[in-house]
Amino acid sequence: SGESGAGKTESTKLLLQHIMNLCKGNSQLEQQILQVNPLLEAFGNAQTVMNDNSSRFGKYIQLRFQKNTVQGAKLSEYLLEKSRVVQQDTGERNFHIFYYMFAGLSSEEKEMYGLLDPSLYRYISGRFGTQDVAQRWKHKYQEVCNALDMVGFQEQEQVDMQAILAGVLSLGNVTFEPEESNGSVKVSEASRGWLKAAAVSHKKVNNLSQLVCCVPRSPWSPSVSSCSLCADARDSIAKVAYGRVFGWIVCKINELLAENVDPEVELREIGILDIFGFENFAVNRFEQLCINLANEQLQHFFNHHIFQLEQAAYKEEELPWETITFNNNEPILDLLLAKPLGLLSLLDEQSAFPQATDKTFVDKLNSSFKGNLHFQPGRGRVLGFSIIHYAGKVQYTAGGFLEKNRDTLPANIRGLFINSVTPLLSMLFTGKSLCYDRASHVNQGPPWQELSHSLMVLMERMYSANPHFVRCIKPNSQKEPGVVDNQVVLLQLRYNGLLETIRIRRDGFSWRPSFEEFAER
């Protein structure tokens with residue numbers, strides 16, 4: 001754990017290499033496991049203002065062993081930041097894979113996928129990079145292709161996947177205009193070419209055009225213009241298509257890395273959790289709240305294990321012990337997760353009301369949490385609120401909270417995907433893949449509920465295991481190598497509870513062997 005840019009993903013890669021090296025084997029499976037990370041980074045990481053290679057999803061890697069040999073691996077992913085596909089803030093980029101494709105594909109391949117100059121695409125903000133950067137991306141693209149081959153993806157699957165990604169980029173350039181004769185909405189003449197590129201098959205152009213434009217007037221916001229609703233529908237299609245591709249990659253990896261042993265054989269397991277770090281940007285949205293909630297839960301688990309369980313053991317054995325206090329973040333978790341009056345329950349409640357807006361949601365928070373030490377109403381013109389997290393105060397912009405929690409995709413879009421001429425896209429929405437068991441559900445409930453359920457399952461797993469904590473500390477806020485900013489480091493040591501941890505390690509019993517282990521030594 002650690003804040004964004006502290007080195008969690010790099011540490012995970014080193015730890016995996018170390019474990020594979022300790023296996024002393026040189027099996028194909030071990031090499032495949034090491035190739036998983038560069039693959040996931042290409043599709044799930046992006047440049048942010050805090051980190052040039054920021055994980056925009058959480059992952060839990062389970063390695064399964066028989067004796068000292070790795071027999072299989074399984075990957076679980078949490079809350080991919082799909083909104084990044086359609087929008088990035090200043091100084092940020094879309095997912096790496098889009099840039100790698102532009103730099104790495106040959107002219108013939110680009111023509112096959114209908115890709116033009118990168119500066120033309122809205123979803124990558126028309127920004128590309130310098131010649132040096134493009135050269136590095138070209139090398140990265142080759143790494144991704146090698147990783148796909150090594151893990152076991154078929155050539156046709158790789159082609160289909162890139163066709164979908166190119167289609168997503170083209171879709172982002174489709175714009176809308178009012179139909180003068182009857183007041184309905186149509187795809188603008190200027191963007192018909194982009195629509196053709198996005199539709200892959202020309203037969204599908206009219207279907208796609210009709211479906212995106214025939215979005216019913218929203219019950220959530222009757223005053224919103226039809227053009228704006230069509231743009232929302234377009235972005236929903238792009239987000240869900242990218243999310244499905246990412247989920248399929250993870251499922252495919254699990255299929256290829258599954259252990260092939262007798263079910264009677266009991267395997268031992270090492271799990272590595274590399275989850276998105278705590279974030280506090282100039283503008284913090286719904287995604288940052290979900291990320292910071294996950295970090296609150298991890299901090300609570302750390303406190304429980306390091307302080308509560310350990311001190312309870314000393315008390316039970318009647319050792320002379322002066323209790324060490326720590327910053328308990330339970331009140332913050334209650335503020336966020338309590339039912340029926342926690343912040344996320346109130347968000348669900350408001351999301352269910354057709355007349356509710358982001359403003360009514362914020363008004364509800366202000367009245368419900370008046371006097372709560374961890375909540376502050378927003379100040380100034382921007383609609384929002386602040387939460388005093390374990391790692392400090394974060395100001396959230398409330399715009400888009402309800403829409404993102406509803407996360408709706410027009411129902412008639414699903415049929416379009418199912419009938420796609422691209423086999424992979426069709427499969428992702430019919431649920432005919434053996435591994436992609438979530439594919440038949442276009443809407444899986446509000447994103448935070450999905451995250452909350454995933455985290456609950458993860459925490460149960462963690463509480464039943466014997467955890468080791470790797471605390472990653474960020475040396476400076478400028479993304480500079482070889483520079484240590486003492487104040488930045490000290491702040492992290494404080495809010496992570498590491499000063500108290502050092503005290504309990506120094507005053508307590510940092511190594512507690514069983515009687516059997518002691519006698520054997």
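Backbone N, Cα and C atoms are what each Cβ position is placed from, and that goes for glycine too.
Since this is a predicted model, take the numbers as computed values, not measurements.
Under the heading domain 'Myosin motor', TrEMBL lists 1-521. Among the features that TrEMBL reports, ATP binding site is placed at G2, E3, S4, G5, A6, G7, K8, T9. Annotation source TrEMBL lists region 'Actin-binding' at 455-477.
Cβ packing within 10 Å was compared across the binding-site residues G5, G7, and the lowest neighbour count falls to G7. What surrounds the ATP site, by Cβ distance within 8 Å of the Cβ centroid and not counting G2, E3, S4, G5, A6, G7, K8, T9, is the set N51, G277, C472, K474 from the same chain. Regional average pLDDT for the domain 'Myosin motor' (1-521) in the model is 87. The residues of the region 'Actin-binding' (455-477), classed with DSSP into helix (H, G, I), strand (E, B) and coil, number 9 helix, 0 strand, 14 coil. A simple way to gauge crowding: the CB of E3 (ATP binding site) has 25 other CB atoms within 10 angstroms, across all the protein chains here.
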